[in-house]
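Lifted from TrEMBL, the feature list:
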type	residues	note
DOMAIN	5-240	domain 'IspG TIM-barrel'
DOMAIN	256-343	domain 'IspG C-terminal'
BINDING	Cys259, Cys262, Cys296, Glu303	[4Fe-4S] cluster binding site
Amino acid sequence: MRNKRIVKIGDFKIGGKEKILVQSMTKCKTEDYLSLVKELKKLEKVGCEICRIAIKTDKAIENLRKIKEERITKMPIVADIHFDYNLAIKAIKAGADKIRINPFNITKEKEWKEIIKVAKDFNIPIRIGLNAGGVRERKKDIEKVILDRLKETVDFFENEKFYDIVVSAKISEPLSLINIYEEIDKNYQYPIHLGLTETGLPFEGGIRSGVAIGILLYKEIGDTIRVSLTGDSILEVIAGFEILSALNLREDLPVIISCPTCGRCEVDLEKIVKEVKKEIFKLNIKKKIKIAIMGCEVNGPGEASHADYGIAFGKKSGVIFLKGKIIKKEPREKIVKKFIDLIFKEENLKFTHTPL
């Protein structure tokens with residue numbers, strides 16, 4: 001259940017009853033500074049709250065240090081470390097807000113001890129992040145191997161009196177993931193990072209992650225999430241917020257609903273929804289409002305009337321709803337602009353963006 005030890009990561013707190021945060025990971029080479037900066041800024045713009053970067057080389061360490069010194073982003077940066085414990089130590093000293101180590105490939109207790117010492121000195125948390133890819137004996141019970149290794153690692157950290165821990169144990173099978181995290185939730189009081197690994201392309205991966213992460217969140221398990229996708233890291237952030245919003249776990253982003261369309265639809269609704277979504281994103285609304293975009297006059301008016309703002313289209317025109325009431329009818333070519341203008345006005349938005 002969500003009442004874990006509180007751990008500080010940068011300016012954020014996770015655990016306890018703190019809000020569940022959305023995390024992603026950069027896809028570019030960390031050694032490519034300009035690409036790294038560009039991707040971090042893009043992720044921050046779409047709302048990413050914690051970002052992990054791969055640390056494989058001293059050049060990556062140098063760029064991590066530069067990112068922190070130049071204050072490129074307000075997002076906490078997590079250094080993702082595999083194989084070389086020295087990189088974990090260097091990443092902490094370079095300014096990482098958290099490090100992630102994988103006990104399946106950083107295996108020696110004396111190396112864990114050195115990492116812990118430096119993390120204590122710099123007051124930096126550590127995610128003990130296991131991944132099924134580290135289990136080499138394929139005939140073994142992978143769930144048990146992962147949970148046993150997690151226990152060994154956590155026990156060692158606790159014996160060293162290090163408690164600023166986040167735990168995760170990722171696998172590519174949704175049902176196995178649920179089993180593993182239910183056991184973790186029962187046995188540990190540390191914040192839990194959720195994620196299904198190796199999910200695939202955005203459509204398939206989003207569905208698989210939505211099922212696994214959604215079930216766990218519904219059971220009140222999880223303090224941060226990442227929707228891992230083979231694709232643009234921005235899509236991971238959008239998918240993460242959609243999962244949280246669907247479960248009413250975040251109240252700080254708009255929800256856009258639209259009908260599936262049928263032979264009665266007289267407009268290119270997919271194009272219109274994408275246009276509205278793009279403009280709503282620009283408005284940077286930080287609260288949960290429901291926006292409905294419906295393609296015809298049959299179910300459209302009824303469904304749109306349950307939203308805060310809605311449009312229902314006819315053949316040559318459409319109607320705009322506000323809090324369930326029709327307030328105006330507009331020709332098709334003007335309705336999207338009028339709709340965005342209405343939302344801009346009603347939400348009392350005060351910043352530089354000018355609506356369509």
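Every residue, even glycine, has its Cβ placed from backbone N, Cα and C.
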Neighbour-count leader, CB within 10 A, binding-site residues: Cys296, Glu303:
Cys296
According to DSSP, does Cys296 ([4Fe-4S] cluster binding site) fall in a helix, a strand, or coil?
coil
Please list, in sequence order, every residue of the chain apart from Cys259, Cys262, Cys296, Glu303 whose Cβ lies within 8 Å of the Cβ centroid of the [4Fe-4S] cluster site.
Pro260, Thr261, Arg264, Cys265, Met294, Gly295, Val298, Asn299, Gly300
Looking only at the domain 'IspG C-terminal' (256-343), what is the model's average confidence as pLDDT?
89
